[in-house]
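**Student:** So Swiss-Prot says this about it:
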ACT_SITE  D330  active site, proton acceptor
BINDING   K28, G101, R129, Q177, R361, R405  phosphoenolpyruvate binding site
BINDING   K28, S29, R33, S175, Q177, D330, K357  3-phosphoshikimate binding site
REGION    1-25  region 'Disordered'
Amino acid sequence: MSHDSEPQPVTAHPAGPLTGALKPPGDKSISHRAMIFGLLSVGETRVEGLLEGDDVLRTAAAVKALGAQVTREGEGRWRIVGVGIGGMQDPVGVLDFGNAGTGSRLMMGVVGGQPVTATFDGDASLRKRPMRRILDPILKMGAEVVSEAEGGRVPLTLRGPREAIPIRYELPVASAQIKSAVLLAGLNAPGTTTVIEKAASRDHTERMLRLFGADVSVTPSGEGGHGRTVTLTGQPTLRGTDVIVPADPSSAAFPLVAALIVPGSEVILRGVMMNPLRTGLITTLIEMGADIERFDEREEGGETVADLRVRASRLRGVDVPAERAPSMIDEYPILAVAAAFAEGTTRMNGLHELRVKESDRLAAVAAGLAANGVGHDIEGDDLIVTGNGGPPAGGGTVATHLDHRIAMAFLVMGLATRKPVTVDDGAMIATSFPSFRPTMLALGARIEDGAAA
């Protein structure tokens with residue numbers, strides 16, 4: 001959604017049981033990376049199950065602008081003919097990433113390690129998001145910021161070096177985006193690039209580097225072996241390959257929690273990625289008493305996937321440890337909704353990273369809970385939600401701040417509250433889950449345009 005579009009309010013009404021089976025959309029993290037590795041490889045990459053949301057399509061457009069041939073061959077089926085490491089061209093015009101934080105940050109790593117100059121921009125939400133943590137290591141690797149908005153934000157122009165400088169970099173926070181940007185820049189560095197993280201973050205970039213033929217090693221490190229040291233040998237020849245994109249656990253979270261909180265529901269989610277660095281929400285919900293059955297486990301696109309059977313459940317409050325945050329950072333809004341229906345108090349610890357997402361997600365979630373009569377508190381970077389085991393009042397209007405996950409989380413809430421819940425704008429849902437409404441309607445949900453009457 002562009003920052004000058006008219007808001008499109010959407011309202012969710014209390015629904016009867018949700019039933020049926022669905023395949024959630026392709027994983028957004030892997031879809032971005034499949035496009036980017038298609039650009040950086042030699043030869044042809046074919047992708048199946050690509051998430052065709054606005055975020056990923058912006059990355060596809062950037063990949064094409066940097067010199068790759070990009071062709072859509074059918075629903076979710078794409079063909080990329082890459083230019084190889086060092087073979088990119090300066091794009092004509094600005095790389096407009098819309099709302100895509102992941103796409104823009106990963107591509108800064110790509111541009112920051114290659115002999116190319118590009119200008120990055122985005123919508124009103126992306127223009128507020130900090131890029132300095134991405135830029136800091138890339139500048140150490142030889143990139144140069146030609147111009148930037150205040151505070152290292154977009155719009156900014158980045159010029160990469162002829163060859164990147166290999167570095168050893170310790171991440172200031174657990175962030176797959178920073179780690180990936182350094183590794184992507186390191187692809188054009190002679191020698192070894194090393195990234196050290198105190199807590200393991202999503203490892204999709206490391207897995208995809210291996211899939212395309214790079215020499216990358218990952219070893220446990222740090223206190224208790226919870227950290228990781230990732231070592232990449234630079235200037236490989238990446239070879240185009242086939243990528244099957246598994247279903248996105250962050251998108252699956254919305255119908256999954258809906259099935260838990262709408263009485264009498266039973267829903268099957270097919271082909272959901274079960275990467276242990278992405279399943280913190282499922283772990284937490286099971287601790288809360290959720291009836292989630294995992295079956296038919298298999299491998300797809302270098303990742304483990306499984307089908308999930310989810311039944312309506314009585315949930316109880318739990319304490320969610322801060323170290324689980326990297327494995328579920330995008331799922332806290334929908335976890336807060338589940339917690340609103342649970343008996344007792346749920347405490348989500350260490351949510352600082354939520355303050356620098358598409359919105360200040362911590363503040364946005366708290367405001368949404370308040371608007372719908374849910375007891376909650378913020379202590380430092382911890383969110384505390386208190387439920388009574390029954391449905392909250394609902395009846396509120398939630399300010400989404402152009403954040404797709406806030407919009408979907410509170411629409412799910414409205415399917416089981418006593419009164420309908422309205423979100424002030426549902427247009428940006430297309431960034432990650434374009435089929436959200438038809439998918440939910442097919443299960444029996446009632447979601448309508450406009451504010452509640």
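Cβ coordinates are placed from backbone N, Cα and C, and glycine is handled just like the others.
A quick note: this is a predicted structure, and the numbers were derived from the prediction, not measured.
Could you tell me the structural context for the features on the list?
**Tutor:** In three-state terms derived from DSSP, D330 (active site, proton acceptor) belongs to neither a helical nor a strand segment and is classed as coil.
Around Q177 (phosphoenolpyruvate binding site), the same-chain residues at least 6 positions away in sequence with a Cβ under 8 Å from its Cβ are G101, T102, R105, L106, I134. The DSSP secondary structure for Q177 (phosphoenolpyruvate binding site) is helix.
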**Student:** Could you give the residue numbers and ranges of same-chain residues that sit at least 6 residues beyond the region 'Disordered' (1-25) on either side and whose C-beta is under 8 angstroms from one of its C-beta atoms?
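**Tutor:** Hits for the region 'Disordered' (1-25): 51, 53-54, 98-99, 123-125, 127, 247-248, 251-252, 255, 258-259, 262-272, 312, 391, 394, 397, 402, 407, 410-428, 430-435, 437, 439-440, 442-452.
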**Student:** Within the region 'Disordered' (1-25), count helix residues (DSSP H, G, I), strand residues (E, B) and coil residues, in that order.
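**Tutor:** Secondary-structure breakdown of the region 'Disordered' (1-25): 0 helix, 8 strand, 17 coil.
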**Student:** Across all the protein chains here, work out how many other Cβ atoms are within 10 Å of the Cβ of D330 (active site, proton acceptor).
**Tutor:** 23
**Student:** With an 8 Å cut-off on Cβ-Cβ distance and a minimum sequence separation of at least 6, pull the same-chain contacts of R361 (phosphoenolpyruvate binding site), or say none.
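**Tutor:** For R361 (phosphoenolpyruvate binding site), the qualifying residues are Y332, P333, L354, R355, D403, R405, I406.
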**Student:** Is R129 (phosphoenolpyruvate binding site) helix, strand or coil when read with DSSP?
**Tutor:** coil
**Student:** Please identify which of S29, S175 has the densest Cβ environment, defined as other Cβ atoms within 10 Å, among these binding-site residues.
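**Tutor:** In terms of Cβ crowding, the pick is S29.
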